[in-house]
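Chemist: Pulled from Swiss-Prot, these are the listed features:
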- Cys985-Cys997: disulfide bond (DISULFID)
- Cys1032-Cys1051: disulfide bond (DISULFID)
- Cys1072-Cys1090: disulfide bond (DISULFID)
- Cys1112-Cys1130: disulfide bond (DISULFID)
- Cys1145-Cys1155: disulfide bond (DISULFID)
- Cys1162-Cys1177: disulfide bond (DISULFID)
- Cys1203-Cys1222: disulfide bond (DISULFID)
- Cys1295-Cys1310: disulfide bond (DISULFID)
- Cys1333-Cys1351: disulfide bond (DISULFID)
- Cys1378-Cys1391: disulfide bond (DISULFID)
- Cys1398-Cys1413: disulfide bond (DISULFID)
- Cys1421-Cys1433: disulfide bond (DISULFID)
- 933-979: domain 'EGF-like' (DOMAIN)
- 983-1021: domain 'LDL-receptor class A 1' (DOMAIN)
- 1063-1100: domain 'LDL-receptor class A 3' (DOMAIN)
- 1273-1312: domain 'LDL-receptor class A 8' (DOMAIN)
- 1324-1362: domain 'LDL-receptor class A 9' (DOMAIN)
- 1559-1592: domain 'Fibronectin type-III 2' (DOMAIN)
- Asn6: N-linked glycosylation site (CARBOHYD)
- Asn65: N-linked glycosylation site (CARBOHYD)
- Asn275: N-linked glycosylation site (CARBOHYD)
- Asn337: N-linked glycosylation site (CARBOHYD)
- Asn523: N-linked glycosylation site (CARBOHYD)
- Asn581: N-linked glycosylation site (CARBOHYD)
- Asn725: N-linked glycosylation site (CARBOHYD)
- Asn1098: N-linked glycosylation site (CARBOHYD)
- Asn1152: N-linked glycosylation site (CARBOHYD)
- Asn1366: N-linked glycosylation site (CARBOHYD)
- Asn1454: N-linked glycosylation site (CARBOHYD)
- Asn1514: N-linked glycosylation site (CARBOHYD)
- 43-54: repeat 'BNR 1' (REPEAT)
- 139-150: repeat 'BNR 2' (REPEAT)
- 348-359: repeat 'BNR 3' (REPEAT)
- 428-439: repeat 'BNR 4' (REPEAT)
- 469-480: repeat 'BNR 5' (REPEAT)
- 707-750: repeat 'LDL-receptor class B 1' (REPEAT)
- 751-794: repeat 'LDL-receptor class B 2' (REPEAT)
- 795-839: repeat 'LDL-receptor class B 3' (REPEAT)
- 840-877: repeat 'LDL-receptor class B 4' (REPEAT)
- 878-920: repeat 'LDL-receptor class B 5' (REPEAT)
Amino acid sequence: GWVSLNDSHNQMVVHWAGEKSNVIVALARDSLSLLGPKNSDVYISYDYGKSFKKISERFSFGDGNSSAVAIAQFYHSPANNQRYIFVDAFVPYLWITTDFCKSIQGFSIPFRAADLLLHSRNPNLVLGFDRSHPNKQLWKSDDFGQTWIMIQEHVKSFSWGVEPYDKPNTVYIERHEPSGTSTVIRSTDFFQSRENKEVILEDVDDFQLRDKYLFATKAVRLLGSLQPSSVQLWVSFNRKPMRVAQFVTKHPIKEYYIADASEDQVFVCVSHDDNRTNLYISEAEGLKFSLSLENVLYYSPGGAGSDTLVRYFANEPFADFHRVEGVRGVYIATLLNGSFSEENMRSVITFDKGGTWEPLQPPAETRYGEKTHCELSQGCSLHLAQRLSQLLNFQLRRMPILSKESAPGLIIATGSIGKSMAKKTNVYISSSAGARWREALSGPHYYTWGDHGGILVAIAQGTETDQLKYSTNEGETWKSFTFSEKPVFVYGLLTEPGEKSTIFTIFGSYKENGHSWLILQVNTSDVLGVPCTENDYKLWSPSDERGNECLLGHKTVFKRRTPHATCFNGEDFDRPVMVSNCSCTREDFECDFGFKLSEDLSLEVCVPDPEFAGKPYDPPVPCPVGSTYRRTRGYRKISGDTCMGGDIESRLEGEMLPCPLAEENEFILYATRYSIHRYDLASGLSQELPLAGLRGAVALDFDYEHNCLYWADVTLDIIQRLCLNGSSGQEIIISTGLETVEALAFEPLSQLLYWVNAGIPKIEVANPDGDLRLTVLNSSVLERPRALALVPREGLMFWTDWGDSRPGIYRSDMDGSLAACIVSEGVRWPNGISVDDHWIYWTEAYMDRIERVDFNGLQRSVILDSLPHPYAIAVFKNEIYWNDWSQLSIFRASKNSGSRMETLVGRLYGIMDMKIFYRGKTTGQNACIAHPCSLLCLPKSNNGRSCKCPEGVSSTVLPSGEVKCDCPHGYSMKNNTCVKEENTCLPNQYRCFNGNCINSIWQCDNNNDCGDMSDEKNCPTTVCDAETQFRCRESGTCIPLSYKCDLEDDCGDNSDESHCEAHQCRKDEFSCSSGMCIRLSWRCDDDNDCRDWSDEANCTMFRTCEASSFQCLNGHCIPQRWACDGDADCQDGSDEDPTICEKKCNGFQCPNGTCISTSKHCNGITDCADASDEQDCEIPLCTRYMDFVCKNRQQCLSHSMVCDGDIQCEDGSDEDANYAGCAQEPEFHRTCDQFSFQCANGVCISLVWKCDGMDDCGDYSDEASCENPTDAPTCSRYYQFQCGNGHCIPNQWKCDGENDCGDWSDEKECEGSPLLPITTAVPPTCLPNHFRCGSGACITNSWVCDGYRDCADGSDEDACPTSHPNVTSSPPAPRGRCSRTEFECQQLHKCIPNWKRCDGRRDCQDGTDERSCPTHSSLSCPQGYRCEDGEACLLATERCDGYLDCSDGSDERNCTDDTIVYKVQNLQWTADFSGAITLTWARPKRMSSTSCVYNVYYRMVGESIWKVLETHSNKTSSVLKVLKPDCTYQVKVQVQCLSRVYNTNDFITLRVPEGLPDAPFNLQLALKKEAEGVVLCSWSAPVNAHGLIREP
């Protein structure tokens, strides 16, 4: 259809209302730059452009005169598509409509509305800007423009905030200041109150808001200079405070232009003084920029290009830079080498978001099949017209590059091939996201597409025409359609935004009548035929076009209509997108800030940029203590890149380091197997250290001077180190020859690390780096050594040994000499040991007590007894600290009497080693300080020393008898001492043994990069899981087993494709060169389906079509039904060959034999002589609103009639679950019993746990909506009592007559309780039982008047009585009584040492010392397995399961077929795009792969019954498709070998991603009485939301 408007205005603005509305609004106006009076006309269409009605008479100034109205612009409400505002160009007047222009109201307003900004969610809220007013006023309307109030003046720019980054009514303005600069201000109440107004940045030149980013520029002036020396770019990400962005360049910066900020990364054009513009790219926060592309084309009205003709056509800056929509990471840019002319313009493209750029691949042939003779190697490529080309060719402006989300990978552009843009232009099309191009049309054209790219249309530019060209195969072939009775001079070709419709609108005029607007509409739906079926689609990925498996770390697969399938997708086609992650490769990384590619680009190595003056390896500022940062190796992952894993990632991504920590306070370090914590004694705060991969951390120590932590992992049998000052990351220093390291001790004076290698047994020593190692003691002295303590100043070493034959406390010099047992009586299971002031303290687990003795084994006494299971011990000042395995806590008490016992930390599951550190602990002298040795210097008693050589190092004996070591490799002799050579390599480099420095990326890559092979030594051997992975031959990389024999070289050496069985393709398949089979119809369709292009090789006019298709003589394929239908569908007309069609009619045959096209059947026009083609046409055609096609292809239904419980399709397909996708019935919802509370996550807990202050549900729902919220208790609910001061004590200490709490609260409310003493309240600024120093710091009360200056001002030792707290002495025993360290026998009142009490021997004549003794037994494990050392209870399933759970390894010894337990390892889960959960695991150790299978179980959290998902599978992965979206499940995998099932309680908890909600129900419509034509729609929420239903 066509409409002549009889309108001669020279501009027309058209708007589709959208949201499936048929309304189109058009404004015809004169350009404001033209001389003479101005007026305008408004037109509206209610039938989607078939007809237009002129409504200009409705726009008047209130006096009925509409001729003087000159509407400059109209605005459409994004919140309500029926609302429009029209604004006059010269008069402060506007018109509004809320019903698609059916009624229009005019209002005089107090300002000239140069710009309006309508709110995205509130349809009544509008901002208006008066640029013509001297004060640049900003106004606001709350009633859609009827009334206005002024909210700000001196406004330069304004914008709404963007949700969710801003509150709903946030407004940003850039306000002019008298200084000439601007201030950026944000307000959430339209500047009504000061508290809701915030200054974002001052002294700003320009400001811009882009979604999550804020950008501003500021000129920085030098002192004494009137000219700006440089311009700064300030950036805010996610509304954080604005910060200055950093650019690595030595050139002065003149201007910034934000080219793109759409993919969590910012492209910025930076213009320099010499008019050269470079393109930079940032990390996600937009603060650190690296160079991406030089000499990019950029125009600025006051800068680059302002002296060219472009200044007459462009008043805003721009860059020739296009983001290819629909795919990630693809951009096209224009390079400018010289002046602003097309001879100096070239196009380049990037597929990795600016990591690398390359010329566009030119097509090999023209559209007529002639060779182009354009080769990249000769500097010839394809160049595409962008903004500058359009402006330079102002008489015939070239169309911009067209790419849209509606058709991923499809690009149409105007361009030319050659060495620059200055060639004849044609239309070029790419179906591969820019990887390949073909010439589609000769000469410039208008173009667009519809039906999600299913149909392309074009019209020739610059001439009169009546022909519309269209293509249904992505521009491979074109047909023509006569759209007008006579030629039309075309101004433009448009379709509704979104490119989903098949209706196109042509704007033009008949030339002979002068300019008069003509609107013509073409509906191309008949061309596409029937709806597409699954056979009409194929899966396509942009990465396939590049020959890579992945782009930007993942493979995105789109469902795309095949080029030669002629069918329609439909407006509601929801294109499925599948995304899968990939392992990292070098292409996933770019050079980090401060680095650049080396001059030899083929190496792809990033090296430090000499122009960068910063320190790229330093920690960031700020770097909070307790957090970590990634120290660069010169590379950074491209922003938005999602790759994970692989050898390259670990080499390039940088090492994680803790933020530097300057230790000041005294603190405890304790290990809990899977973590190590730091407990500050002054503040009482506990903090987990940033460590990774801990499996069995049982021993630790700390180098206070260098701030380095050492720990041993008995599960991995390694010793590791992490320096908290940021000097290095977590590193393994010893990994060989270790077997159950149970103790570590760092010697700070000589810088030596000692450890107990209990499984061998040995006590060994090494330097801090672990490369100089020596055995000090072996099995000749040791039996089952456990703990170790050093006295460096005395040269002594003490350890505990709990072997069966000679348990005791031992002492030797630190070189292992003079070893002797100093305590052997009454010792059975000595655990921890600590030394303080010539006293040795140890925990005795069998006797359940803590004892002490002096260095000679004398003056032995029991400090505490009746302890459930003491383990590690430490001494600090006047107190002992220990942890207890049974009570899961760390305790403190007096080191002399055991009094004042208190709990410091509770709920410590798996608590192991513990040590205390403080400033001054490492000070002192010994013989090694004054007289060092050549390598290892071991202190001895009596101020002696022993020079030792590490194992494997040769030595010589000097005349003095001293041993001198030869310096090993990497050490050099200086002053008779072997000194480690300094590492002069950068952190991103590896130092070879020969001193060379190589890039760290080259280490362990199977190449001799060092020259001495040292970079390939000690490389970890990649162990691949034989059940799920394949190991590549050369690289050793593990790839999924599914990649084996898939006809793709995934390894790079083709080893994954060797020894594969030959595969025969079917008759309907094509065999690729690699052996892969693809559908025969995909041959020669211009898609790289074989991934080696063999399906597109030798494609000429000969082509094989499917059986359901007709093959034209030129080789093209068309649907069989198009042959002999009266239309020439083949370009050569061979489908209508009379010799074939005389016998056949594939269209509609009239009774007289005439064959007409199928499209002419039932089209409302009589074509047969007897009108039979329009008879029996009761079946309606599918429209945009009736777009559900029944399976029988005979009926069309509205989507509201599908899956509604009623069958409307004759074949019932509208209610078919598979065809229509109808949801299943919701399953039964589980409820808890009357004595339980049901958590929000479905878990049932005891009702008494509701509102008790503890998170028993795991999601805090049991503590929500409590009338009197309870503070979370710090004590165990079951076996501890919480004192009034917050301390925790065992329940049995309650009401025992002793002040265990310290505030007597444990003795309150006791039967017959005595009068309690009155205590003084603790100052409120410190914790209970803490002292407040004069400086305000808090210390524990026990440190006051203890002889140590713990407060910085010494106030804790002021006004103290004269005493010597550090001198330990026992008070004299009263006459007739034993001393405090003795036990008094009941008869004869004999005194014996208290350590002899309960030692199993009768020392009192009456035997009273062995009465009322605790049971001398280890832990009782009635339902599990007890370790042989008696120190831990295990579940029965943890015995012989392949993991060392006992510290003595007894749980994995003497395993038989009857006791062995098979457990899967590394059970993990991932969710894909569709919501399916993939479960993966590793085979158990020692398990046979032939007779054992896996059973997979699952249950929803809160359920007690496990459901079977999969049984008797030999795969180590499983896909869970039965789980409900947005629900939490527990999943476990059990092993079954023959008939035996190995039960396990090990499960993982996972949460299924949100899914699509069910359809809403109870849909109702009602007319709104007070508003004519308004329909109110209401509905009930779906039964199953499958997640959070969000607003669109």
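Cβ from N, Cα, C; glycine included.
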Chemist: In Å, rounded, how far does the Cα of Asn581 (N-linked glycosylation site) sit from the Cα of Cys1051 (disulfide bond)?
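Modeler: One finds 17 Å between the Cα atoms of these residues.
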Chemist: Given the glycosylation sites Asn275, Asn337, Asn1454, Asn1514, which one's Cβ is surrounded by the fewest other Cβ atoms within 10 Å?
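Modeler: Relative to the other glycosylation sites in Asn275, Asn337, Asn1454, Asn1514, Asn1454 has the fewest Cβ atoms within 10 Å.
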Chemist: If I take the alpha carbons of Cys1433 (disulfide bond) and Asn6 (N-linked glycosylation site), what is the distance between them in whole Å?
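Modeler: So the alpha carbons of Cys1433 (disulfide bond) and Asn6 (N-linked glycosylation site) sit roughly 95 Å from each other.
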Chemist: Determine, using Cα-Cα distances only, which of these disulfide-bonded residues is closest to Asn1454 (N-linked glycosylation site): Cys1051, Cys1072, Cys1112, Cys1155, Cys1295.
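Modeler: Closest candidate to Asn1454 (N-linked glycosylation site), judged by Cα separation, is Cys1051.
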Chemist: Let me know the model's mean pLDDT on the domain 'LDL-receptor class A 3' (1063-1100).
Modeler: 78
Chemist: Among the recorded stretches 428-439, 707-750, 751-794, 795-839, 840-877, which has the greatest number of Cβ pairs closer than 8 Å to the repeat 'BNR 5' (469-480)?
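Modeler: Answer is 428-439, with the largest number of Cβ pairs below 8 Å.
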Chemist: To the repeat 'BNR 3' (348-359), which of 43-54, 428-439, 795-839 is linked by the most Cβ pairs under 8 Å?
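Modeler: If we count Cβ pairs closer than 8 Å to the repeat 'BNR 3' (348-359), 428-439 scores highest.
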Chemist: Short question: most Cβ pairs under 8 Å with the repeat 'LDL-receptor class B 4' (840-877), which of 139-150, 428-439, 707-750, 751-794?
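Modeler: Most Cβ pairs under 8 Å with the repeat 'LDL-receptor class B 4' (840-877) come from 751-794.
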Chemist: Based on Cβ atoms within 10 Å, give me the single least packed residue among the disulfide-bonded residues Cys1090, Cys1295, Cys1310, Cys1333, Cys1378.
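Modeler: Looking at the disulfide-bonded residues Cys1090, Cys1295, Cys1310, Cys1333, Cys1378, the Cβ with the fewest others within 10 Å is that of Cys1310.
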Chemist: Can you name the far-off residues of the same chain, 6+ from the ends of the repeat 'BNR 4' (428-439), with a Cβ under 8 Å from a Cβ of it?
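Modeler: For the repeat 'BNR 4' (428-439), the far contacts come to 324, 326-327, 330, 332, 349, 351, 360-363, 365-367, 372, 382, 384, 408-415, 456, 474-476, 542, 545-546, 563, 1086-1088.
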Chemist: Near the repeat 'BNR 2' (139-150), which residues from the same chain, at least 6 beyond its ends, have a CB less than 8 A from one of its CBs?
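Modeler: Beyond its ends, the repeat 'BNR 2' (139-150) has Cβ neighbours at 77, 83, 85, 94, 96, 98, 105, 107, 109-111, 116, 123-130, 190.
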Chemist: Express the distance between the Cα positions of Cys1203 (disulfide bond) and Cys1051 (disulfide bond) as a whole number of Å.
Modeler: 48
Chemist: Helix, strand or coil by DSSP: which one applies to Cys1203 (disulfide bond)?
Modeler: coil
Chemist: Between the Cα atoms of Cys997 (disulfide bond) and Asn725 (N-linked glycosylation site), find the distance and write it as a whole number of Å.
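Modeler: Their Cα atoms are separated by 25 Å.
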Chemist: List the residues of the same chain that sit at least 6 positions away from Asn1098 (N-linked glycosylation site) in sequence and have their Cβ under 8 Å from its Cβ, in sequence order, or write 'none'.
Modeler: none
